[in-house]
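A.B. asks: This is the feature table in Swiss-Prot:
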SITE      R13  site 'Important for substrate specificity'
ACT_SITE  D72  active site, proton acceptor
SITE      T73  site 'Important for substrate specificity'
SITE      Q155  site 'Important for substrate specificity'
Amino acid sequence: MEPKFILGSSSPRRKLILEYFRIPFTCIPSNFEEHSVPYHGDPVAYSQELAIGKAESIVKDHNPEGLILTADTVVAYQGKIFNKPGSYDEAIEMLKTLSGQTHAVITSIALLQDRKLVTGEETTQVTFTQLPEAYLGRYIKAFSTLDKCGAYSIQEGGSLIIHNIQGCAYNVQGLPIKTLKHLLLEFNVDLWDYLV
């Protein structure tokens, strides 16, 4: 019997990735307060704590039957993390900082079912082109990037600002399929079974 998947996210990109791989799921966005988790300088540990918090929040609030999948993506550069910008001005500053530089995109995944918790993460290195300041505002407005970590999107105009990617492109979109495939095996679920 196929497991019932619960995606603990309202991210349209994560939904599209699951749909692309024909994984059936129900969406129950988490109410977890991400700002309640302090950042102590380790972006992997931070994103992992957020992913776990989201999964546990869904159990607490809804107690659904099924395999809960949550994820958290952060952009990290020189010891700082860049979440979703709080304003247009913050988005401009993020893009200025990342312009011409290489940063890490880290996504942590948490899978939770019947008190069994499995976690994993993926890191991708992304290098931006040198971005003319005059174009930053245009990019943010044209591609509505205020709801995206680091104030940018790989799939929406990413080719205008990204010079190079080393690693998983799905990770930069918010759900690294290779990592998810590996973690699902812990629940005896093989993604290949959905590709028929």
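The count begins at 1 with the first shown residue.
Every residue gets a Cβ built from N, Cα and C, even glycine.
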A.B. asks: Roughly how many Å separate the Cα of R13 (site 'Important for substrate specificity') from that of Q155 (site 'Important for substrate specificity'), to the nearest whole number?
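C.D. replies: The separation of the Cα atoms works out to 9 Å.
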A.B. asks: Ten-angstrom check, please: count other Cβ atoms within 10 Å of the Cβ of Q155 (site 'Important for substrate specificity'), all chains counted.
C.D. replies: 12
A.B. asks: In terms of DSSP three-state secondary structure, what is the assignment for T73 (site 'Important for substrate specificity')?
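C.D. replies: DSSP assigns T73 (site 'Important for substrate specificity') to strand.
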A.B. asks: Pop the Cα-Cα gap between Q155 (site 'Important for substrate specificity') and T73 (site 'Important for substrate specificity') into the table, whole Å please.
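C.D. replies: Cα-Cα distance, T73 (site 'Important for substrate specificity') to Q155 (site 'Important for substrate specificity'): 15 Å.
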A.B. asks: For Q155 (site 'Important for substrate specificity') and D72 (active site, proton acceptor), determine the Cα separation and express it in whole Å.
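C.D. replies: Answer for this pair: 18 Å between alpha carbons.
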A.B. asks: What is the total of other Cβ atoms whose distance to the Cβ of R13 (site 'Important for substrate specificity') is within 10 Å?
C.D. replies: 19
A.B. asks: Through the lens of DSSP with three states only, how would you label Q155 (site 'Important for substrate specificity')?
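C.D. replies: Note: Q155 (site 'Important for substrate specificity') is coil by DSSP, not helix or strand.
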A.B. asks: Including all protein chains shown, what's the count of other C-beta atoms within 10 A of the C-beta of the residue listed as 'active site, proton acceptor'?
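C.D. replies: For the residue listed as 'active site, proton acceptor', the 10 Å Cβ neighbour count is 27.
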